[in-house]
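What TrEMBL says about this protein:
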type	residues	note
ACT_SITE	S148	active site, charge relay system
ACT_SITE	D224	active site, charge relay system
ACT_SITE	H257	active site, charge relay system
Amino acid sequence: MTIENLSSNKSFDGWHKQYSHHSDTLGCAMRFAIYLPPQASASQRVPVLYWLSGLTCTDENFMQKAGAQRVAAQLGMAIVAPDTSPRGDAVADDDGYDLGQGAGFYVNATREPWKRHYRMYDYVLDELPTLVESNFPVSDRRAIAGHSMGGHGSLVLALRNPDRYTSVSAFSPIANPSNCPWGRKALTAYLGGDAARWADYDASLLMCRAQDGVPALVDQGDADEFVAEQLKPETLEAAAAASGYPLQLHRRDGYDHSYFFVASFIEQHLRFHARHLGL
Ligand SMILES: N[C@@H](CCC(=O)N[C@@H](CSC=O)C(=O)NCC(=O)O)C(=O)O
């Protein structure tokens, strides 16, 4: 697999780099960013945190706004941030910011006009780690985290694949997409109108029936403008209580939905993952 380096910036003695590559899964060119801490070398592979961003984002929002590099460098943890959807003139799109390009929802679409390219679930689960692990000094010890739509994606990927990740965390996740306007719009378009087909992409439904799973950490601001209508953290708490799932969910006084919130608590998330990654 050929990857093309687009940028390189030294950061806390490590490197932030952006790459482009052709994705067979998505059928288009894709961009991702990687932060390689100073410990990563030909003789030392480091574990990786995969970060999934939210609606309207690219690989850049987290890498430029969250301020994660200082602690990742201390811990010896790589971070990989993919784009949030397939992109390009040949890729279906929608006028709304919450569907189409920039809004892939980390699902494998089954409906026209989306199903040809919108396969972000498979891309994040399989193609991206294979590519990253064969091109960079990183190991197959993986954790996953994300924000909002990406929080939904990270929880779904970890809940369905506990053998692939050591731990999962989310900021302000869309916790019950079957039951909120953002989720219903996207899942109807990508998977069709039968809500029974959405259950495999709904973190609250998955957590409710989880027999075991990797440790989960969620932070939710109580001044988040989307919390009541779109995010519904109470459904995730109820699901964890019902199944006994190892979820820690913190409500944070006065914080909104922005990356100012993510930046305020990202160190705690990185240290949580570091413990489970064995760092
Ligand atoms: N009103 C905004 C809506 C988009 C938005 O708030 N995006 C969030 C994620 S929301 C859920 O996935 C985000 O992360 N934005 C990027 C950022 O850098 O803050 C709009 O119309 O754009």
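Every residue gets a Cβ built from N, Cα and C, even glycine.
Those TrEMBL annotations? Automatic predictions, nothing curated.
Shown here: features listed in TrEMBL, placed on the structure.
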residue: S148; record: active site, charge relay system; Cβ neighbours (10 Å): 25
residue: D224; record: active site, charge relay system; Cβ neighbours (10 Å): 21
residue: H257; record: active site, charge relay system; Cβ neighbours (10 Å): 21
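The distance from the Cα of H257 (active site, charge relay system) to the Cα of S148 (active site, charge relay system) comes to 8 Å.
D224 (active site, charge relay system) sits 11 Å from S148 (active site, charge relay system), taking the Cα positions as reference.
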